[in-house]
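Peer 1: From TrEMBL, here are the annotated features:
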type: DOMAIN; residues: 25-67; note: domain 'HTH cro/C1-type'
type: ACT_SITE; residues: 91; note: active site
type: ACT_SITE; residues: 94; note: active site
type: ACT_SITE; residues: 117; note: active site
(Lines of atoms letter the chains of each structure in order from A and count residues from 1; the text may use other names and numbers.)
(Lines give C-alpha, C1' and ligand atoms only; values in the text may rest on other atoms or scores of the structure.)
Protein backbone atom coordinates (compact mmCIF):
# COMPACT_ATOMS: atom_id res chain seq x y z
CA UNK A 1 0.00 0.00 0.00
CA UNK A 2 1.78 3.09 -1.22
CA UNK A 3 1.81 6.22 0.91
CA UNK A 4 -1.75 5.64 2.08
CA UNK A 5 -2.66 7.88 4.94
CA UNK A 6 -3.61 6.45 8.30
CA UNK A 7 -7.08 7.93 7.87
CA UNK A 8 -7.61 6.34 4.45
CA UNK A 9 -6.57 2.93 5.79
CA UNK A 10 -8.75 3.40 8.87
CA UNK A 11 -11.70 4.33 6.65
CA UNK A 12 -11.19 1.14 4.61
CA UNK A 13 -10.95 -1.00 7.75
CA UNK A 14 -14.08 0.54 9.25
CA UNK A 15 -15.91 -0.02 5.95
CA UNK A 16 -15.03 -3.75 6.18
CA UNK A 17 -16.34 -3.82 9.77
CA UNK A 18 -19.53 -1.97 8.82
CA UNK A 19 -20.18 -4.29 5.87
CA UNK A 20 -19.83 -7.31 8.17
CA UNK A 21 -22.74 -6.06 10.29
CA UNK A 22 -20.82 -7.12 13.40
CA UNK A 23 -20.27 -5.08 16.54
CA UNK A 24 -16.89 -4.69 18.21
CA UNK A 25 -18.14 -6.99 20.97
CA UNK A 26 -19.12 -9.66 18.43
CA UNK A 27 -15.72 -9.40 16.77
CA UNK A 28 -14.07 -9.60 20.19
CA UNK A 29 -15.95 -12.81 21.01
CA UNK A 30 -14.89 -14.31 17.67
CA UNK A 31 -11.23 -13.34 17.99
CA UNK A 32 -10.62 -13.70 21.72
CA UNK A 33 -9.61 -10.04 21.99
CA UNK A 34 -11.25 -7.29 24.00
CA UNK A 35 -13.78 -5.12 22.18
CA UNK A 36 -11.62 -2.03 22.70
CA UNK A 37 -8.56 -3.81 21.28
CA UNK A 38 -10.52 -4.81 18.17
CA UNK A 39 -11.46 -1.14 17.75
CA UNK A 40 -7.80 -0.18 18.25
CA UNK A 41 -6.77 -2.63 15.51
CA UNK A 42 -9.34 -1.28 13.07
CA UNK A 43 -8.36 2.31 13.88
CA UNK A 44 -4.64 1.48 13.40
CA UNK A 45 -3.82 2.24 17.03
CA UNK A 46 -2.58 -1.32 17.69
CA UNK A 47 -0.53 -3.85 15.74
CA UNK A 48 -2.15 -7.06 14.49
CA UNK A 49 -0.09 -10.03 15.69
CA UNK A 50 0.49 -13.08 13.43
CA UNK A 51 -1.32 -15.50 15.75
CA UNK A 52 -4.48 -13.35 15.57
CA UNK A 53 -4.60 -13.10 11.77
CA UNK A 54 -6.55 -16.37 11.17
CA UNK A 55 -9.20 -15.44 13.75
CA UNK A 56 -9.59 -11.91 12.36
CA UNK A 57 -9.77 -13.21 8.77
CA UNK A 58 -12.52 -15.60 9.82
CA UNK A 59 -14.40 -12.85 11.66
CA UNK A 60 -13.94 -10.33 8.82
CA UNK A 61 -13.49 -12.29 5.57
CA UNK A 62 -13.55 -9.09 3.48
CA UNK A 63 -10.17 -8.03 4.89
CA UNK A 64 -7.71 -8.06 2.00
CA UNK A 65 -4.13 -9.33 2.21
CA UNK A 66 -3.07 -5.72 1.70
CA UNK A 67 -5.05 -4.50 4.72
CA UNK A 68 -3.84 -7.42 6.85
CA UNK A 69 -0.28 -6.51 5.88
CA UNK A 70 -0.78 -2.89 6.88
CA UNK A 71 -2.39 -3.93 10.16
CA UNK A 72 0.64 -6.11 10.97
CA UNK A 73 3.06 -3.19 10.71
CA UNK A 74 3.67 -1.09 13.81
CA UNK A 75 1.10 1.72 13.77
CA UNK A 76 1.75 5.41 14.10
CA UNK A 77 -0.24 5.86 17.28
CA UNK A 78 -1.67 9.31 17.48
CA UNK A 79 -4.19 11.48 19.18
CA UNK A 80 -6.28 14.13 17.48
CA UNK A 81 -6.49 17.08 19.90
CA UNK A 82 -9.90 17.94 18.44
CA UNK A 83 -11.20 14.57 19.66
CA UNK A 84 -11.65 16.00 23.16
CA UNK A 85 -14.62 17.95 21.79
CA UNK A 86 -16.54 14.72 21.11
CA UNK A 87 -18.96 14.43 24.07
CA UNK A 88 -18.14 10.85 25.12
CA UNK A 89 -14.40 11.46 24.93
CA UNK A 90 -14.85 14.73 26.83
CA UNK A 91 -16.79 12.96 29.61
CA UNK A 92 -14.19 10.18 29.86
CA UNK A 93 -11.46 12.80 30.17
CA UNK A 94 -13.56 14.66 32.73
CA UNK A 95 -14.07 11.46 34.75
CA UNK A 96 -10.34 10.71 34.80
CA UNK A 97 -9.58 14.30 35.78
CA UNK A 98 -12.19 14.24 38.54
CA UNK A 99 -11.32 10.80 39.95
CA UNK A 100 -7.65 10.64 38.92
CA UNK A 101 -6.11 12.00 42.09
CA UNK A 102 -8.11 9.57 44.24
CA UNK A 103 -7.29 6.66 41.93
CA UNK A 104 -3.60 7.58 42.13
CA UNK A 105 -3.72 7.68 45.93
CA UNK A 106 -5.40 4.27 46.09
CA UNK A 107 -2.83 2.77 43.68
CA UNK A 108 -0.04 4.16 45.88
CA UNK A 109 -1.77 2.98 49.06
CA UNK A 110 -2.42 -0.55 47.78
CA UNK A 111 0.72 -1.08 45.65
CA UNK A 112 3.30 1.51 46.67
CA UNK A 113 4.95 4.28 44.69
CA UNK A 114 4.21 3.46 41.07
CA UNK A 115 1.85 3.73 38.13
CA UNK A 116 -0.52 1.70 35.98
CA UNK A 117 0.99 0.74 32.64
CA UNK A 118 -0.74 1.84 29.46
CA UNK A 119 1.47 -0.55 27.47
CA UNK A 120 0.76 -3.82 29.34
CA UNK A 121 -2.89 -2.82 29.39
CA UNK A 122 -6.32 -4.24 28.71
CA UNK A 123 -9.48 -2.24 28.22
CA UNK A 124 -13.07 -3.24 27.60
CA UNK A 125 -16.47 -1.60 27.50
CA UNK A 126 -19.49 -3.51 28.76
CA UNK A 127 -23.21 -2.83 29.05
CA UNK A 128 -24.98 -3.83 32.27
CA UNK A 129 -28.33 -3.13 33.92
CA UNK A 130 -28.09 -1.00 37.03
CA UNK A 131 -30.02 -1.73 40.21
CA UNK A 132 -32.51 0.89 39.02
CA UNK A 133 -33.01 -0.95 35.71
CA UNK A 134 -31.19 1.68 33.64
CA UNK A 135 -28.41 0.75 31.23
CA UNK A 136 -24.93 1.45 32.58
CA UNK A 137 -21.56 1.70 30.85
CA UNK A 138 -18.72 -0.21 32.50
CA UNK A 139 -15.25 0.78 31.29
CA UNK A 140 -12.56 -1.54 32.61
CA UNK A 141 -8.97 -0.30 32.61
CA UNK A 142 -6.67 -3.20 33.48
CA UNK A 143 -3.01 -2.18 33.53
CA UNK A 144 0.07 -3.83 34.95
CA UNK A 145 1.45 -2.13 38.06
CA UNK A 146 4.86 -0.58 37.49
CA UNK A 147 6.75 0.50 40.60
CA UNK A 148 8.92 3.59 40.44
CA UNK A 149 12.54 2.66 41.02
CA UNK A 150 15.17 4.42 43.03
CA UNK A 151 17.68 5.72 40.53
CA UNK A 152 20.85 4.18 41.91
CA UNK A 153 24.05 4.65 39.92
CA UNK A 154 25.04 0.98 40.21
CA UNK A 155 21.80 -0.05 38.46
CA UNK A 156 22.24 2.34 35.55
CA UNK A 157 23.69 0.09 32.86
CA UNK A 158 24.59 2.97 30.53
CA UNK A 159 26.68 4.54 33.31
CA UNK A 160 28.38 1.25 34.06
CA UNK A 161 29.25 0.85 30.38
CA UNK A 162 30.63 4.40 30.24
CA UNK A 163 33.03 3.69 33.13
CA UNK A 164 34.64 0.87 31.14
CA UNK A 165 35.10 2.89 27.96
CA UNK A 166 37.78 5.41 27.28
CA UNK A 167 37.29 8.39 25.04
CA UNK A 168 40.19 9.39 22.89
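Including glycine, each Cβ sits where the backbone N, Cα and C put it.
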Peer 1: In Å, rounded, how far does the Cα of residue 117 (active site) sit from the Cα of residue 94 (active site)?
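Peer 2: Taking the Cα atoms only, residue 117 (active site) lies 20 Å from residue 94 (active site).
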Peer 1: Counting every protein chain present, what is the number of Cβ atoms, excluding its own, within 10 Å of the Cβ of residue 94 (active site)?
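Peer 2: The answer is 11 other Cβ atoms.
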Peer 1: I'd like the Cβ neighbour count for residue 91 (active site), meaning other Cβ atoms within 10 Å of its Cβ, all protein chains included.
Peer 2: 11
Peer 1: What is the number of other Cβ atoms found within 10 Å of the Cβ of residue 117 (active site)?
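Peer 2: I get 12 for this one.
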Peer 1: Report the mean pLDDT of the predicted model across the domain 'HTH cro/C1-type' (25-67), rounded to a whole number.
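Peer 2: That region's mean pLDDT is 97.
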Peer 1: Based on DSSP, tally up the residues of the domain 'HTH cro/C1-type' (25-67) by helix, strand and coil.
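Peer 2: So the domain 'HTH cro/C1-type' (25-67) is made up of 28 helix, 0 strand, 15 coil.
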